[in-house]
Every structure is written in structure tokens, then in C-alpha cells.
Amino acid sequence: MSTFGLSFLVFCILGICLDASHAQLQLNFYAKSCPKAEKIIQDYVYKHIPKAPSLAAALLRLHFHDCFVRGCDGSVLLNFTSSTKNQTEKVAIPNQTLRGFSFIDGVKKIVEAECPGVVSCADIVTLVARDSVVVTGGPYWNVPTGRRDGKISNASEALANIPPPTSNLSSLQTSFANKGLDLKDLVLLSGAHTIGISHCSSFSTRLYNFTGVLGTQDPSLDSEYASNLKAKKCKSINDNTTIVEMDPGSFRTFDLSYYKLLLKRRGLFQSDAALTTSATTKSFINQLVQGSLKEFNVEFAKAMEKMGRIEVKTGSAGEIRKQCAFVNH
């Protein structure tokens, strides 16, 4: 065996050999097969997102919901058809408020015109999420490409894998650990809520029915903030149409105010408030708040790149879909 082979084997025994799927994603994967792809995608995002800035958060959320079910493989984009025989991820409760599908279809259409059958929908979702955050003034992160599109999409898996807004810390920790992400990643990725919006239905239990008894409020939610939400936004427990900013006063900007609000007990979701319930996560939040925006951007970028590698399909796995909502025939 060559010295290289031997040393690689020793590396693997030590448990630090790279997973093959990681090794196959690479920066500028399409450099030869579709050299203009990333620029075409970026130009489309830079043209359209400034006109509809709330879509940036929606596209980032789409990427997160894709990666947490079967990895970052575009499975969240698939429509139900008689050939799939089952309800796809799109119809699952956590995904019923997802937006951005037609945006992804628009990008795919122009990329297909340039290079038919080359660029995956999974890579498009990942690149669009990054470019949308950048155009709204948020951090840039590297997106290695080469993901392939999955052929399977099940609503039940979305329900099982996507952490709901009612999650406590231990269930969040488990959901993230199942995807190879740790508590630091959890705190950093939750920072995306700085540009988030929500429907009342995602947190109205905290205002009106916390213990299962009508009229009870979540004691971990700042009472002044809760009163304000009840008076001005979510005026009844049945309101499922009103939209609320997750980072009031600065939801258009990617900044640290989301974390500052958490420390004031003003996180909108139970899953936001949960981040302050352990010494470990609370100390990460304090470090972020006391540090600079530049430091947060660097850390957020690392966590996003890590998320974009979850259970990716590469090489000959999966396929390159011609249309993002349908598997190839």
C-alpha cells in the first residue's frame, strides 16, 4: 500500500476521513458544464428580490425546510402527481406557509435555457438562499455545488423532521443533532429570524391558551410585548392571516437585534424563547450580542455552509430535474 493509502487509512481509523458526499461538493462545480450558471442566478435574484424583499426570508426558509428532510435535494419542491402516489413535503403542515416556489421555477427556466439538464434544483435553492440574503445586506457564504435532485418526497417526513415553532430546547437539540448540527449552529441559524415574518397561528397559543386553558399566557414571554401583540396584531386565538415581524423595527435588516430581543424575553416563537433556557445557548447569545455584526456574519456563514451539506446527493445519485416540481420521466 502506498504511503498515501496508508496515511488515509489511518485517518479513517481515527474517524476523520471525509464523508464521500462532502468531498464531491465543490466550489464552481459548473465551471465547465455551465460557466454562467451562478451569475445568471445571482442576476435574477439581484433584479427581483429588491422589489419583494420579504421573499429573501421565504427563500432562506425554503432552503432550511429542504435540507432538514432527506438532505438538501430539492425534495421540498416536488408536487403531488399520480406517479408519486403520495402526498409530498409541500402539503405537510410545516410547509403550508412556504413561499418562493414560483421564484425557483423562474430561475430554473432561465438556467435551463442556458444549459439544459445540467444545474440541479437543489443547487438553485441553495444559491438563491445565499444570494437573497446578500442582496438584503446580509452575510455572504460559500456555496459548494454539485448537489443532485432527489426523487422522493413524503409529507410525513416533513412533519417528523422540521422543528415546529412550539419546540423546546431538547427537541430542537435533537432535531439539529439528527442533521449533524450542534447547539451553536442552532443559535446561529435561528438568527435568520432577524428578517423573518410569521402568521399569528405559529405563536398564538403563547398569548391565549398556553397551558391548554383559554386565557393563559406564556410566562416566559415579556408581558408588555404580549399585550401589544394581542391589542395590535393577533386579536384572537383564531387569527391565522395577520402577519407579524419576528424582529420588530428591523426585520428588513440582517442584524443582531433578534438576539437582543431574546434576552428581553421578546422572541416570538417558543422555539426562539427556548434558546435562552440553557446556559450553553444563552452564553452563545450573549457572545453574539457583545460582539460585532461582522463576527456574527462570519459565524452565520459557517453554519449556513454546514447546513447546505446535510445529506447531499452527489455523483450518480438522484437526477438533474428538468422542472423543479416534477421528477423526470
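Think of each number as a place in line: the chain as shown, counted from 1.
A Cβ is built for glycine as well, from the same backbone N, Cα and C atoms used for every other residue.
Copied over from TrEMBL:
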SIGNAL    1-23  signal peptide
DOMAIN    24-328  domain 'Plant heme peroxidase family profile'
DISULFID  Cys34-Cys115  disulfide bond
SITE      Arg61  site 'Transition state stabilizer'
ACT_SITE  His65  active site, proton acceptor
BINDING   Asp66, Val69, Gly71, Asp73, Ser75, Glu89  Ca(2+) 1 binding site
DISULFID  Cys67-Cys72  disulfide bond
DISULFID  Cys121-Cys324  disulfide bond
BINDING   Pro163  substrate binding site
BINDING   His193  heme b binding site
BINDING   Thr194, Asp247, Asp255  Ca(2+) 2 binding site
DISULFID  Cys200-Cys234  disulfide bond
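Within 8 Å of the centroid defined by the CB atoms of Asp66, Val69, Gly71, Asp73, Ser75, Glu89, the record's Ca(2+) 1 site, lie the Cβ atoms of His65, Cys67, Phe68, Arg70, Cys72, Gly74, Val76, Gly150, Ser153, excluding the listed residues themselves. Distance from the CA of Arg61 (site 'Transition state stabilizer') to the CA of Gly71 (Ca(2+) 1 binding site) is 14 Å.
For the domain 'Plant heme peroxidase family profile' (24-328), the model's pLDDT averages out at 96.
Taking each Cβ in turn and tallying the other Cβ atoms within 10 Å, the top scorer among the binding-site residues Ser75, Thr194 is Ser75. Of all Cβ atoms in the shown protein chains, 23 besides its own fall within 10 Å of the Cβ of Cys200 (disulfide bond).
Annotated pair Cys121 (disulfide bond) and Asp73 (Ca(2+) 1 binding site), C-alpha to C-alpha distance, rounded: 8 Å. Shown are the disulfide-bonded residues Cys72, Cys115, Cys121; of these, the residue with the fewest other Cβ atoms within 10 Å is Cys115.
Put simply, Pro163 (substrate binding site) is 13 Å from Asp66 (Ca(2+) 1 binding site) when counted between their Cα atoms.
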